Structure formats: structure tokens, C-alpha cells
Amino acid sequence: MSEAPRRLSYGSYLQVDRLLSCQEPESLKTGAPAHDEMLFIIVHQAYELWFRQILHELDRIQADFAARTVADEHLGRINAGLSRIHEILKLLVGQLDVLETMTPAGFLEFRDLLTPASGFQSVQFRLIEARLGLHDDARIRIDEQSMRERLAPEDRDKLSADTNPSLLSQLDAWLARTPFVALGDYSFRESYRAAVIAALQRDATSISADPALPEPQRQADAAAIEQALARFRALFEPDATTSTWRMSARAIEAALFISLYRDMPVLQLPFRLLQALMDIDESLTLWRLRHALMVERMIGVRPGTGGSSGSGYLKATAEKHRIFIDLFHLSTYLLGPRDLPALPDALRRRMGFSYGAA
Ligand code: HEM
């Protein structure tokens with residue numbers, strides 16, 4: 001006789017019993033239960049579940065991006081996946097509000113029991129950073145050690161098992177293949193280069209002629225424009241050792257083109273994609289800052305259980321561990337409609353939606 005098919009229930013489908021057997025407060029084992037440790041565990045576990053979902057989204061986004069030519073119909077779902085990641089990250093920032101209902105004194109009731117465990121060892125968080133494009137060399141070192149050196153061997157292996165290229169490098173390759181940046185006699189590079197340099201030089205002239213500016217401010221503004229000009233020029237001399245761009249010159253050029261002519265129909269989805277990556281970078285940075293502030297509130301300037309300086313280290317990661325920072329820097333070189341070189345008609349037609357008419 002064949003067995004009756006198992007009837008799915010809410011509990012069996014979601015494995016609720018297993019899930020609810022995963023909270024084991026350390027303080028309970030010492031016989032002095034700390035009430036807030038349950039919250040601490042559940043908040044961290046909820047993070048790990050969301051991290052898993054982010055990695056799941058990245059799996060498909062990166063598989064779509066891995067194609068030699070990214071299919072048009074896949075661009076929409078890449079954008080949808082990136083937006084979903086952004087929404088999850090916003091939720092993760094908000095989740096810290098719940099944890100902050102725990103007082104520093106409440107945390108002290110069990111904090112010592114956690115050593116040497118630390119969020120620093122979250123493999124999924126490290127995978128998200130690496131898959132997005134944070135390179136090991138760009139990371140802040142602690143006590144002269146790299147992030148990997150500080151992980152347990154089994155966690156290090158889990159990280160090394162992921163051989164996916166980063167989303168940043170995939171983005172670079174995709175942008176570098178952007179058509180339309182040069183067509184026939186038209187070269188965006190040539191027409192735009194002169195326009196940006198002229199606009200920045202105009203800014204420099206108006207700063208030096210502004211009588212209302214105090215001298216130290218004038219010098220600082222002039223130096224900032226000089227630096228912006230040097231960064232821009234480095235794009236046209238890709239071998240320049242002074243280049244601080246992370247992406248290739250071709251990719252930056254294409255990202256600029258897309259951002260400037262974003263209203264052209266064929267550029268709308270690519271533009272949304274660039275926006276979504278900036279949203280992700282921004283919300284991840286907000287999480288880093290918010291987490292650093294919460295840590296300061298909980299433990300002041302004490303070092304972390306993972307051996308870092310604590311909130312000081314975490315604040316520095318918000319500045320240094322940016323991933324799509326080049327996209328933000330591009331804004332320095334955007335021009336308003338008055339200065340924007342017009343696109344040739346033939347190119348505009350190629351980038352429009354035209355149905356039927358030859
Ligand atoms: C009372 C709450 C918390 C405190 C006091 C705290 C403290 C710290 C400290 C001091 C560090 C630096 C590494 C170290 O030396 O240990 C750290 C890193 C980290 N924590 Fe937390 N944390 C808290 C909550 C959370 C939560 C809820 C998460 C969510 C998963 C989390 C995830 C992380 C991650 C991913 C890192 C590594 C950051 C990096 O290296 O860029 N932490 N935490």
C-alpha cells in the first residue's frame with residue numbers, strides 16, 4: 001500500500017520547530033539568565049536570514065550579468081533584484097532600533113560571555129561585501145592582520161569557496177561594452193571632455209573672483225576643483241598612476257554618458273541600474289554608521305569582542321569600505337542642459353523607440 005501523501009502545514013513548510021530551537025542564551029547556561037540576550041540572538045539571526053536572501057538575489061543578478069550580452073529582458077529583473085536588496089538593507093538599518101531598546105547595562109549582563117565571538121565573523125556579511133565588490137586590499141587591517149587572517153579556518157574556507165566575480169567587475173565589463181558612446185564621427189569622449197574641463201575652469205575662475213569668500217575658503221575650494229580636474233584628466237590617461245578611480249576609464253565614460261542622456265529610451269533601464277547600485281552603497285553605508293553609533297552607545301570606546309578598536313574601527317569602515325563610490329564621484333562631472341553637448345540626430349534616432357516606420 002502506498003503511503004498517504006504528507007499534508008503540508010504552516011509549521012512543517014517553514015520548519016518552525018527547528019527555527020525555534022535555535023535560540024540558546026549563554027547566560028541561561030550560567031544559571032543567571034539575562035533577559036535581553038534572547039533579543040540579541042533573535043535580532044542577529046533575523047539579520048543572517050536576510051543576508052541569505054540578499055545572497056540569493058545576488059546569485060541571479062550575477063548569473064544574468066555573466067552573459068556575454070546581458071539580455072534585454074534580464075535587465076528588468078536585475079533592477080528588480082537590486083531594488084529588493086536595497087529595501088532589505090533599509091529594513092536592516094531599522095532593525096537596530098529594536099536592538100537599541102536594550103540598555104548598555106542590560107547588554108553588560110551577558111556581554112563578557114560572548115568573547116571572542118563577534119559580528120566581525122559573519123561569513124554571509126563578508127560574502128555580501130565581496131560579491132558586491134569590496135576587495136580584500138581595500139579593507140582596513142586590524143593589528144596588521146587582514147580580515148581573512150582573523151577568521152577561523154573553516155570560515156575562511158567558506159569565503160574562499162565563493163569564486164564568483166564581483167558585481168563591481170561585472171558592472172565594469174558591461175559598461176565598457178555600452179554601444180552609442182561612439183558612433184560614426186561622434187565620440188562622446190571628445191565632445192564631453194572639452195565641455196567638462198571648460199565648466200570646471202569656469203568654476204575656478206568664479207571662485208577666484210568672488211570677493212565675499214574668505215581667503216582660506218577660497219584656497220580650499222580652488223584645491224577641490226584642481227583635484228576634480230586631475231581626477232577627470234586621469235580618465236583620459238588610463239595609465240596615469242595618479243588615478244583614484246576603481247572602475248576602468250571606458251566604464252566611467254559609459255556611466256557618465258548614461259547618466260547624462262538618461263532620458264533616451266534605451267538608456268532608462270541602464271540608468272535605473274546605476275541608481276539602484278548607488279542606493280545599495282548608500283544604505284550599506286548607513287547601516288555601517290548606524291551600527292557604529294549603536295556600538296558607541298552600548299560599549300563607549302571599549303574595544304570589540306572581535307579585537308578591533310570598536311566604534312572607531314566601525315566608523316572608519318563607513319568611509320573606507322564604499323563599493324560603488326565611483327558612481328557618486330561622477331556627479332562632479334555632470335553638466336546642466338546649458339553646457340551639455342547635443343547628441344547627433346542619427347544617434348538620437350538609434351536610441352529612441354521607433355515602431356513601424358523605416
Ligand atoms: C549590542 C549590539 C552590538 C554590538 C555592541 C556590536 C559590536 C560590534 C563591534 C565592536 C564590532 C567590531 C568588531 C569587533 O571588534 O568585535 C562589530 C562588528 C560587526 N557587527 Fe556588531 N555589534 C552589535 C550588533 C550587531 C548586529 C545586530 C549585527 C547584525 C548582523 C552586527 C553585525 C556586525 C558585523 C557584520 C560586523 C563586522 C563589520 C565590519 O567589519 O565591517 N552587529 N560589532
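Cβ coordinates come from backbone N, Cα and C, glycine included.
Binding of substrate is attributed by TrEMBL to Phe40, Ile41, Ile42, Val43, His44, Arg111, and within the candidate set Thr305, Thr317, Thr332 the record adds Thr305 to that site.
Less than 6 Å separates the Cβ from ligand 1 in the case of His44, drawn from the binding-site residues Ile41, Ile42, His44, Arg111 in sequence order. Thr305 (substrate binding site) falls within neither a helix nor a strand when secondary structure is assigned with DSSP, and so counts as coil. Here the Cα atom of His44 (substrate binding site) is found 12 Å from that of His291 (heme binding site).
On the backbone, the CA of Phe40 (substrate binding site) and the CA of His291 (heme binding site) stand 14 Å apart.
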